[in-house]
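Noted in TrEMBL for the protein shown:
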TRANSMEM  31-54  transmembrane segment
DOMAIN    47-296  domain 'G-protein coupled receptors family 1 profile'
TRANSMEM  66-83  transmembrane segment
TRANSMEM  107-126  transmembrane segment
TRANSMEM  146-164  transmembrane segment
TRANSMEM  206-232  transmembrane segment
TRANSMEM  244-267  transmembrane segment
TRANSMEM  279-298  transmembrane segment
Amino acid sequence: SSFFYRMGGRNETKVMYFILLGFPTTAELQLLLFSTLLLVYLLTVLENLLIILIIRNNHSLQNPMYFFLGNLSFLEIWYVSVIEPKMLVDVLSHDKRISFQGCMTQLYFFVTFVCTEYILLAVMAYDRFVAICKPLRYPLIMGHKFCAQLIAGCWMCGLTTSSIKLSFIARLSYCDVDKINHYFCDISPLLNISCSNSSLAELVDFILALMVIMVPLCSVVASYICIMFTVFKIPSSQGRQKAFSTCSSHLTIVILFYSTTLFTYAHPKLMYTYRANKLVSVLYTVVVPLLNPLIYCLRNKEVRFAMRKTFTCRR
């Protein structure tokens, strides 16, 4: 998996590939695990495609809230497609190798999509804040151009953060330790198997993670505190319920995504030592993307109505 070359009078190691250990399973459970993961992946992609289709085909959903939801669905299709196809192949295959370039590519896109989703969820919280706390100014503030700029900003932040992180991780030496105790190339396992000094890469990763996680999280918390104060001032219980209903789906997704990823990325190298880390990773790479479209469909009356309308018209 590696070869040596001389540089500056000492031996350096160039890793050619890594071995993803994944989840240890028996031959009897292999097919069951593969079938389950394949079904979950196909459902996740189909659910998110359905949401995009419903938003595009219904004029009642042509507003910033659903514009951001459509972008979230588009993001999550790519998000799961970076991890799950390789994961499916490895479940059935004895050869669980991934090339060094393949590993870095998977890591780059995964970090890009995770960081973009953090910021996008904060943007969606800001949209709800403006809609509920400044309803008269909402059409003026959340114009089409500004919404497009917010989406572009989310992607730019994700791509920039990922590029900086990868520039430090890709420079590390990995020697002969080529086994990754994970089912995809993530930051924590790569930092742990490096045989060179990874303290700078860890510091950069920690600072960027703090910025990408904590700044959006603080924005979400601040937005919902303002929303709560505004909603409690509404005199009628029906008005309060209507205001809360527009936020409940987004808030549920925020709690699911932030809680599972914070566990892993609060201190990546330390958390890697726990076996639970791999199981928590399954939550935010497999389970949460599957649940997100269902949460919006089940908890949002407008989406449910638009879905019925779409399928009735098509029939």
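Note that the numbers count up from 1, one per residue, in the order the chain is shown.
Every residue gets a Cβ built from N, Cα and C, even glycine.
Nobody curates TrEMBL annotations by hand; they come from automatic prediction.
Just going by CB pairs under 8 A, the stretch in 31-54, 66-83, 206-232 that sits most against the transmembrane segment (279-298) is 31-54.
The stretch from 31-54, 107-126, 146-164, 206-232, 244-267 with the most CB pairs below 8 A to the transmembrane segment (66-83) is 107-126. Tertiary proximity for the transmembrane segment (146-164) is limited to same-chain residues at least six positions away from its ends with a CB under 8 Å from its CB atoms, namely 64, 67-68, 71, 108-109, 111-117, 119-120, 123, 204, 208, 211-212. Outside the transmembrane segment (31-54) by six or more residues, the chain places 23, 25, 61, 69-70, 73-74, 76-77, 80-81, 84-85, 87-88, 91-92, 286-287, 289-290, 292-294, 296-297, 303, 306-307, 310 with a CB less than 8 A from a CB of the stretch. Listed as Cβ neighbours of the transmembrane segment (206-232) (distance under 8 Å, sequence separation of 6 or more from its ends, same chain) are residues 115, 118-119, 121-122, 125-126, 128-129, 132-133, 157, 161, 164-165, 240, 243-244, 247, 251, 254, 258, 261-262, 265-268.
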